[in-house]
Structure formats: structure tokens, C-alpha cells
Amino acid sequence: MASLRKTHPLLKIANDALVDLPSPANISVWWNFGSLLGLCLASQILTGLFLAMHYTPDVESAFNSVAHICRDVNFGWLIRNMHANGASFFFICLYLHIGRGLYYGSYLFVETWNVGVVLLLLVMMTAFVGYVLPWGQMSFWGATVITNLLSAVPYVGTTLVEWIWGGFSVDNATLTRFFAFHFLFPFVILAAAVLHLLFLHETGSNNPIGLNSNADKISFHPYFTYKDLLGFAVLLMGLTSLALFSPNLLGDPDNFTPANPMVTPPHIKPEWYFLFAYAILRSIPNKLGGVLALLASILILMVVPFLHTSKQRALTFRPASQFLFWTLVADVVVLTWIGGMPAEQPFIIIGQVASVLYFSLFLVLFPLAGWAENKVLGWT
């Protein structure tokens, strides 16, 4: 008699996705990050739910309600620290997951890749509205600066900004709607992640050599479930260590001051995981141009599959393209550093050079390197 997991309508779906899924035998630790992102999402939804039970989305009491969570709620300090630092780990896993996709040519699964880019945008929006909720100085001014960027939209910009604010400045209406969005978006992300998996399982996973692996597949369970559990343990140990020993390491000290519309902080900057895009935004001395560059810095990922010129899928056997890939990694690190620096020389020019290099790598250098490698190898 067939096992229940293979016949039950619901269990069969889970079985095909997590137990009997044929997986390439040679996938490395870089393929762990999908499941780690699932763990991050589950952790964020769970801790966020408990925080929402005690949080008050009102300008008069939001800051105090967060203090109340940390002081008076049972393990509230831990829940809050896990949630705040969980966001950082979420983005670390996201960026490593995207880097893996770029290195091994996983972007050639176009539907899966594009849903992934939409997921990235959703996670970024969720993190942004979430950062506003504690209603500290950086929350308030970050919200003011970033929402104000929409005023660069021709003709309807100002109306659009006031519509999002729910008034003539960032105020109670803004905070209330941002809380509503922050509560809703994780469930939208969950649905999009299911779609992401659905498209992935139509094609099967890529592998480190970028070749068809249909002849050499093994079942997901037990091999990769146990391999993923090791990743889970490392991630949870890292997250709990950060939350317990140095919970404010990645935060901004300004956010311990309640929001004050009368006092502008000396340096307004977002959380570390947005700094690379913020640096690109600031590198263009024009509001609309900066906003378009900011959008392009993320949306350029959607163009990557169409600019793939190499006859090989992965970068495993392509040293020239590997050099460009690591140049891109270094460039993003430089942009992240510049985004946290004041807008003055020499940081302005460094940011501009790094921004030009960022777009050049995607649009010109990677396609050229792929074409050159084909020529050298005699693949026409």
C-alpha cells in the first residue's frame, strides 16, 4: 500500500516539494540560502506577531510602546532584538542568495528569477515601513526623506506624496498605514515565495557546474533536509548571539531619541542593507535622476537573463567573468560604505565612480566578457 504522504491530496504537495523532490547530487552550501530565507521569514512573522500584540501605532505612544515591550513584556527585549536583527540576517541571506544566482547562472530560469526580484522589492518595502514604526529620530526622518523622493514624479509627485502621508507631513496617519502595510506584506511575501518555489520546481534546481543534472538526482530528504538543518543551526546561533550580546550593533543611535520634526539629525541614512542603493541615489545631483537610478539599481536584475551571452551557464569555468563578478561584490561593498558617509568630497566622487561601475558591469562588461570567452574557446 502506498504511503499516506504520497496519496493524501495535501501531504502529496508537501512530499513533492520537500521529501521526494529530485535534487542535483552536487549542489553546494550556496543552495542552502533558499531554505534559510524561509526560516528568516517564519522567524520574522512569529516575532512580529508578538510585537504587534503590544505595539501602539500612534505618534504619541509608539516610541513608549516599544520601550514598554523591552522593559515590561515577558522576554519582550529578546523578541524585539530578534526581530530587529532578524531583518539584517534576512538581507544577508537575500544578498548571498542573489549572488549565488548571478554566479551560477540561475537567472536563466527567468520566471523563478523575476519572481525573486519581486520578492526582493517586497522585502525592501516591508523593511522600510517597519523601520518607521519605533518612531525614533531616524524612523521619522528616514520616512520623510524616502517618501519625499516620490515628489520627483512629474506633475503628480506632490499629490502622490501627500496621499501616501495622509496629510501635509509624516504624521499619525502615515504611521498607522505603515503599520498596516508592515503587518500585511510578510504574508504577501509568503505567497510570492510559494510562487517562487512553484516556478523552480517546474525546471528543477541548477547546480554548481551549470550542466543538466537529470542523470544524477537524489531525493531532497534525507540528504538536503539534514544539510539545511546545519545551515539553520548556524543562522540561529549567529542571530541569537547578535541579539543577546550586541543587539544594537547594526542600529542607529539616533533611533533611541523620540521623533522630533523640529530637529534634523546631522546625517540621515537608512539601515545598512539599503546603503548601496542610497549611495547610487545620492551619486546623481538631480532628484528625478537619483530616484530612477535607485529603481534601476534593483530592477537591473530583471535584465540580467537577457544579457547572458556566454555558451556556458555558470561562472565555474570562466575566469574573466569570475573576476568581473568579484569586482561587482567589491563595488557593492564600496557603495555600502559610501552610503553611510556624509555627502562631501571625496565620498561624492567615489560614490559616482562606484555607481557608474555598478551599471557598467551589468550592462556592458559581463555581456562583453561572455562574448570574448566564447571567441577564445572557439564556441560560435
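Each residue, glycine too, has its Cβ placed from N, Cα and C.
According to Swiss-Prot, the protein has these features:
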type	residues	note
TRANSMEM	33-53	transmembrane segment
TRANSMEM	77-98	transmembrane segment
BINDING	His83, His182	heme b b562 binding site
BINDING	His97, His196	heme b b566 binding site
TRANSMEM	113-133	transmembrane segment
TRANSMEM	178-198	transmembrane segment
BINDING	His201	ubiquinone binding site
TRANSMEM	226-246	transmembrane segment
TRANSMEM	288-308	transmembrane segment
TRANSMEM	320-340	transmembrane segment
TRANSMEM	347-367	transmembrane segment
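Other Cβ atoms within 10 Å of the Cβ of the residue listed as 'ubiquinone binding site', summed over all protein chains shown, number 14.
The distance from the Cα of His182 (heme b b562 binding site) to the Cα of His97 (heme b b566 binding site) comes to 23 Å. When each of 33-53, 77-98, 113-133, 288-308, 347-367 is checked for Cβ pairs under 8 Å to the transmembrane segment (178-198), 113-133 comes out on top. Closest to His83 (heme b b562 binding site) in space, going by CA atoms and restricting to the binding-site residues His97, His196, His201, is His97.
Sequence-distant neighbours of His196 (heme b b566 binding site) (same chain, 6+ apart, CB under 8 A from its CB) are Thr112, Val115, Gly116, Leu119. Two recorded stretches are said to be in contact when at least 3 C-beta pairs lie under 8 angstroms, sequence spacing 6 or more; the transmembrane segment (33-53) and the transmembrane segment (113-133) fall short of this definition. On the backbone, the CA of the residue listed as 'ubiquinone binding site' and the CA of His97 (heme b b566 binding site) stand 17 Å apart.
Beyond the transmembrane segment (113-133), the same-chain residues lying 6 or more positions past its ends with a Cβ under 8 Å from any Cβ of the stretch are 55, 57, 62, 66, 87, 90-91, 94, 97-98, 101, 106-107, 139-140, 142-143, 146, 174-175, 178-179, 181-182, 185-186, 188-189, 192-193, 195-196, 199, 270-271, 273-274, 298-299, 301-302, 304-305. For His97 (heme b b566 binding site), the same-chain residues that are 6 or more apart in sequence and have a Cβ closer than 8 Å to its Cβ are Phe33, Gly34, Leu37, Gly116. According to its DSSP assignment, His97 (heme b b566 binding site) is helical.
The Cβ of His83 (heme b b562 binding site) has 21 neighbouring Cβ atoms from other residues within 10 Å, across all protein chains displayed.
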